[in-house]
Amino acid sequence: MSSARSHVSMQNKYDRVVLLVDMDCFFCQVEEKQHPEYRNRPLAVVQYNPWRGGGIIAVNYAARAKGVTRHMRGDEAKDLCPEIVLCQVPNIREKADTSKYRDAGKEVANVLQRFTQLLERASVDEAYLDITETVNHRMQQMQSGAFALQPQELVNTFAVGYPSIGDYVNKITNRFANPYMDDERYQMSYDQNDLPAVRQSDIRLLIGASVAGEVRAAVKKETGYECSAGIAHNKILAKLAAGMNKPNKQTILPLTETASLFDSLPVGKIKGLGGKFGEVVCETLGIKFMGQVVKFSEVDLQRKFDEKNGTWLFNISRGIDLEAVTPRFYSKSIGCCKKFPGRNNITGLKTLQHWLGELSSEINDRLEKDFIENNRRAKHMVVQYVQDIDGEEVASSRSTALRDYDQESIVRLSLDLIKANTKTFLRPGSESALNNAIKFLGISVGKFETVSSGQNKLQEMFANQAAKKRRVSGDEPGQLPKVEMEKKQKQTDEFKMKSFFANYLQGAKKEDAKADGISANPLAAAAGAPNKNFVEEYKHKLHAAVRTEGTVLTSTPAEFKESFFSQYLKQQKKTGQQGSVTSREDSLDVQELAEELDAIEADNSKDFEEDTEEETELTSDTHMSKPEGQSSDAGQEQDPNTLNDSTGNDLYVETGIVPPTLTEDELKPSTSKRKFDEIESSVSNYKECYVEFAVPNLRTDILPTIKCDQCGANIPDEVKSLQTHRDHHFAQELSRTLRSTEREERTQSRQKISLKPTPPKKSKKTAGSGSSSYSTAPPSNSITKFFRAKPTQEQAPSDPQMNQCPECKAFIKCVDMPEHLDYHVARNLQRELNQQDLRTRTAALNKEKISPVQPKKQSQKKLNSTISASSSGTKTIAQFFSQSN
DNA sequence: CTTGGGACGCTCT
DNA sequence: TAGAGCGTC
């Protein structure tokens, strides 16, 4: 395994569609979700710090509107915005604890992961998705009519270089009608070999944007979090684009717009050039903007910087970035650190041991969780520290191999490493005073190795359980080959179960964090019997839950009765009785436990029903019993949503498996997860599912009326009615616009040389469409040109270089076939968009209405009004989207 | 006590 | 490979 990043080949530089999903002020959103009462209020997250109200690390948009920014102190924020809510990052072990945000980030990533295998988590709140396959697939589907772009997905979409997304769509439609519209420009700017990709770029990015819309909708629906996204042909551009319209927006960076964008784009805006290197580049080249780099030759850049950086700069300045999206869900290392500035310098051995203990404790906890989730163990450890040596800050890091470990051994190893690498560790003559004060401490572990399932009982349990599930769910009517289905199934099941365990464990750990110095360690026991302390904790937790909620709810909390663990136990009990279990030891242990748990649950064994469809947001807090000694401010409750995310119902809904203990009626197949799976597994009914998925329920009742700004009539203030009315006005405007458009196109047609006409198979009924007029009108230049890449050479159908188009039966040059097929794609795109019924567009309008309006984004408003002003079924996409003037 | 404090990945030597 | 350092969020 080389550490070098993988890259795509230069030929494929425009072939990918890459998405960057970036959560909007993520920490704030996490706090808002956890405290619904804070919603719609200005809010900032501060790190605990007694000085001037703490340091602000995240600001929501309501607070930003008041001028609150990061790098401010809490007090300053209060001055600017007295009503601001300041949330503190929880403090555990006397240091900031960001696990809440890590968990939330993982929750989001779990949603993202369903859209592609090629998911790269770039940070806690950012991920790259290579959606090339999906886009390509949809290109094909569009030709068969199995997929249609949904305008409402594009309402929150921007395209760099275009006033509104409508103009971008307009451009695409026009180019489909006249595929070589921009070719002169293209041929000047791009290599001949790249032209096919360049011509396809816009439509593929547009489809990418529709995927992005779905991704973001799914994230919102399933986690409650909003995000922004960038859509481009590579990571650098996707990242750049994502930042251009926020929050809750997505931005396409069209290939052909990068050059002009770069002309005024400060170098530092490019990821990788934001720091020192970027400064050096600017100084060395005497430039400010990205576009100015193109003036330098590759060798020149290589000479000024180095070979690698030179080439990289050369390419990046042209919008080319070959770095692959490297699938990575889990981090390669786990670490934590803390600064000890000024008076807090560590000067004594005891203090050093204390802090090493705290850091080790956190590392250990996270390793336990990671072990359960990912079945891997760290084999390597690094301790980093900054010492004060003669008034100088000297940073060092030392590493060692990690075998079996627990908190104490991590402490011991790190201390030994520091000792061994410090000339004079203790002050001469002292037993406890450090010779060099420590200003910074960090421990990180990595080089993970997967634990083979043979030595791991917990893993066997999961494997067995997954195997049983597969048997239960024998005849799923899936489209995928059975083996593939099962493979996916197993992964999901195991993952979900592990997640549950992990989340559960974490919740328990947090409770005990302060009460108990050294917690039990599953890793230490991993090679032995099944995880006893784990099970004990589960029991403890169940007890606690029943105790605290029993009086109110009279039933076992949902997260227990529907947990994987619970399901698993039930299943185990059944199969155990049948005496057909793979691992007898396991089953015995588990059966014992199952009986014990049954006893705990015994007094509330009734109503095992209802609320299987509960929204995440509505989930009530899980009340854990707190250890006596725990201070209130350090107490952190398990995020109810995290727990909820892993309940049994979710699994079954998501995977489509009928759980052994639930009836079919209890499985309401109406969550977005379910729908998405249907979409993915069944192309044929994609559209139905999709439309259902895309259209929110409209409340048309109890709405006041509003005055039409054009005719003054009173209309119900409800989008559908409003729109219907406006359509009336629009229709008049439309006919005028259409006539002039068509006139213009005819004029253009006449100016060009008409070649052998090969009209598409059928003329369209679509009335009044400027683009469709190409198909209804006599063969015009543009289409003909499309069929003939080189007008001068006329090819007979018998020519071996010719192929018959399966769609329209015309004979096309092989090299032009892809583009020709694009043409049909375009036709379909247009047709499908035209057929969008009022309802979907109404929904889009509705959706846009409730999202925050950016004052500067005029174009968005225009798009909005244009959409609402259009009537259904008779116009081209361009007219649906673009401004009519 | 600093225009945030971690956390993580990458890369160069 | 280890260790130092950078960049980013």
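In case you wondered, yes, glycine gets a Cβ from its N, Cα and C as well.
Among the features that Swiss-Prot reports, Mg(2+) 2 binding site is placed at A:Asp22, A:Asp125, A:Glu126. Feature annotation from Swiss-Prot assigns Mn(2+) 2 binding site to A:Asp22, A:Asp125, A:Glu126. Residues or ranges marked as Mg(2+) 1 binding site by Swiss-Prot on the basis of similarity to another entry: A:Asp22, A:Met23, A:Asp125. Among the features that Swiss-Prot reports, Mn(2+) 1 binding site is placed at A:Asp22, A:Met23, A:Asp125. According to Swiss-Prot, the 2'-deoxyribonucleoside 5'-triphosphate binding site annotation covers A:Arg70, on the basis of similarity to another entry. The Zn(2+) 1 binding site annotation in Swiss-Prot covers A:Cys708, A:Cys711, A:His725, A:His729. Per Swiss-Prot, the feature Zn(2+) 2 binding site maps to A:Cys805, A:Cys808, A:His820, A:His824; the stated evidence is sequence analysis. Feature annotation from Swiss-Prot assigns compositional bias 'Acidic residues' to A:608-618. Residues or ranges marked as compositional bias 'Polar residues' in Swiss-Prot: A:628-649. Among the features that Swiss-Prot reports, compositional bias 'Basic and acidic residues' is placed at A:739-748. The compositional bias 'Low complexity' annotation in Swiss-Prot covers A:766-780. Feature annotation from Swiss-Prot assigns domain 'UmuC' to A:18-274. According to Swiss-Prot, the feature region 'Disordered' maps to A:599-653, A:658-677, A:722-783, A:846-870. The zinc finger annotation in Swiss-Prot covers A:701-737, A:798-832 and rests on sequence analysis.
Most Cβ neighbours within 10 Å among the binding-site residues A:Met23, A:Cys805: this distinction goes to A:Met23. Ranking the binding-site residues A:Arg70, A:His820, A:His824 by the number of CB atoms within 10 A of their own CB puts A:His820 at the top. When other Cβ atoms within 10 Å of the Cβ of A:Asp22 (Mg(2+) 2 binding site) are tallied across all protein chains shown, the result is 21.
Of all the Cβ atoms in the protein chains shown, 19 others lie within 10 Å of the Cβ of A:Glu126 (Mg(2+) 2 binding site).
A:Glu126 (Mg(2+) 2 binding site) has A:Met23 as its nearest neighbour among the binding-site residues A:Met23, A:Arg70, A:Cys805, A:His824, going by CA to CA distance. Predicted-model confidence for the zinc finger (A:701-737) is 36, expressed as mean pLDDT. Sequence-distant contacts of A:Asp125 (Mg(2+) 2 binding site), defined as residues of its own chain at least six apart whose C-beta falls under 8 angstroms from its C-beta, comprise A:Asp22, A:Met23, A:Phe26, A:Tyr101, A:Gly105, A:Val108. Classification of A:Cys805 (Zn(2+) 2 binding site) by DSSP places it in coil, neither helical nor stranded. Between the alpha carbons (Cα) of A:His824 (Zn(2+) 2 binding site) and A:Arg70 (2'-deoxyribonucleoside 5'-triphosphate binding site) lies a span of roughly 50 Å. Apart from A:Asp22, A:Met23, A:Asp125, the residues listed for Mn(2+) 1, the same chain places the Cβ atoms of A:Val21, A:Asp24, A:Phe26, A:Gly105, A:Val108, A:Ser123, A:Val124, A:Glu126, A:Cys227, A:Ser228 within 8 Å of the centroid of those Cβ atoms.
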